[in-house]
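Asker: Got these off TrEMBL a minute ago, pasting:
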TRANSMEM  A:12-35  transmembrane segment
TRANSMEM  A:42-62  transmembrane segment
TRANSMEM  A:68-87  transmembrane segment
TRANSMEM  A:148-170  transmembrane segment
TRANSMEM  A:199-219  transmembrane segment
TRANSMEM  A:225-246  transmembrane segment
TRANSMEM  A:253-271  transmembrane segment
TRANSMEM  A:277-296  transmembrane segment
Amino acid sequence: MDIVLQQLVNGLTLGSVYGLIAIGYTMVYGIIGMINFAHGDVYMVSAYITAIAIALLTFFGIESFPIIIIGTLFLTVAVTGAYGWVIERIAYRPLRNSSRLSVLISAIGMSLILQNYVQLSQGANQQGVPTLLSGALRFNVGDGFVQITYMKIFIIVASLIGMGVLTYIIQKTKLGRMCRATQQDRKMASILGINTDRIISIVFVIGATMAALAGVLITLDYGAFDFYVGFIIGIKAFTAAVLGGIGSLPGAMLGGLVLGLSEALFAGLISSDYKDVFSFSLLVLILIIRPSGLLGKPEVEKV
Amino acid sequence: MTSLMEFKEVDVHYGPIQALKKVSLTVSEGEIVTLIGANGAGKSTLLMSIFGQPRISSGEIIYRGEDISQKSSHYVASHGLAQSPEGRRIFPSMSVEENLLMGTIPIGMDHAEEDMQHMFELFPRLLERRNQRASTMSGGEQQMLAIARALMSRPKLLLLDEPSLGLAPIIVKQIFQILRDVASTGMTIFLVEQNANHALKLANRGYVMVNGEIRMTGTGDELLVNPEVREAYLGGH
């Protein structure tokens, strides 16, 4: 019992982070119909920026946790957002009217460029950040106990806030309506006076900022990272996006939670060595049984 | 009357196919002008070329004294041109209200509430469906929504692409009655139609397009009684 509860807590943490990164995949897919394979590496870049931001803030003698964390979040989200904008500008916009395959290859190229650029500039060794928030809550359950670190609580709360703010923007604001209009009918959106190129840029920036939020949270929790961390977590988040229904924003968040929870339960109850096998088997199964995902709409052939 | 929009010898090509051939036409302020022609004559291409989709290959599109043929779609839209396009192209997953708000992009939200009330007076059906997803509405209601959305930007020139397409005769009648009401407020309208009868009765002037060329022009009444037009577009009776 305590194991199940413990893994549910772990799964919730993992799942909310998958959800954050999945948002970037799903929104970009929704608006220009491509899988941005460089998205996982945007997350990786944000891990490095997190470390740089913490180092910078500590260098200036700031020691209180709230200021460091807010400063780090702010810097990382801003710089990573800029990365998202630049990537779209140089790797995807010039290919706007090309075949999907060209864009896909460009995305894979962008992913390799980011990895190698970080490896060259930051070194191939594993890097780390100091623990900023320690301590945990403990609950006795039967004979055992469930432990929730403050950091995990912080991750869940921050992720939920991030998702909540984004959902509000997309559903209730003018910018959100413009994003949805561009997603549903780009040509009509442009006829109504929307600068659709700018909206696409904004969507890339939104995706990058959500990945940056995940990057800060995971890096603070886990401590260590290298230039290759974006790969596995990127594919996991992509799985989450497909699971929830690619193109659907609530789907990405739900898919992230479902994937995180089921992965954690599998790791805790069956085998932690095979948890990646489990996740990707799940991906294969969804693609076979319900390719449109949990909340996605089945593709309607237009005649 | 001053010319609001003028096509000067406009050519449009789709690859090797020429869709518009030296098309010239004028729409003056306060006028209702219609362009009639068969399916595939190039009518929708002409309307979309105003927004640069596709770009014209030669000629000029003059709007209020400026050649807009090489401008971006959003530039054109933000200077007083609004279109209810072929196939309506409403946003299916948005509510009626959100679709209407999309029309306010060029002018901002300042008049949104007031204009929306006005649209609900013009199209009472939309008021009933205010919070409904647009995709769940009937074809006629979707057409009304597309016209209302275009009007929400307070256009100087309203472009309509086949508002009667695929609709029951009674709904077509309703829609043309509403267009008459809109026209009576002094709105300039450029209407592209296959339904020549309704279109020519509404319009001050008309053009007839055949295979990408302007074949004939005249007042609405002249064209209505023209034997060639009657033969080709009005079923010969």
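Note: Cβ is positioned from N, Cα and C throughout, glycine not excepted.
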Asker: Cβ under 8 Å to the transmembrane segment (A:253-271), counting only same-chain residues 6 or more beyond its ends: which ones?
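Answerer: For the transmembrane segment (A:253-271), the sequence-distant neighbours (Cβ-Cβ under 8 Å, at least 6 residues beyond its ends) are 3-4, 6-8, 10-23, 163, 236-237, 239-245, 278-279, 282, 293-295.
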Asker: Could you check whether the transmembrane segment (A:68-87) packs against the transmembrane segment (A:277-296) - three or more CB pairs closer than 8 Å, residues at least 6 apart in sequence?
Answerer: no
Asker: Report, as numbers and ranges, every residue of the chain located at least six residues beyond the transmembrane segment (A:277-296) whose Cβ falls under 8 Å of a Cβ in that stretch; write 'none' if there are none.
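Answerer: Same-chain contacts beyond the flanks: 235-236, 239, 242-248, 250-251, 254-255, 258-259, 262-263, 266, 270.
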Asker: Looking at A:12-35, A:199-219, A:225-246, which one has the highest count of Cβ pairs under 8 angstroms to the transmembrane segment (A:148-170)?
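Answerer: Selected stretch: A:12-35, with the most Cβ pairs under 8 Å.
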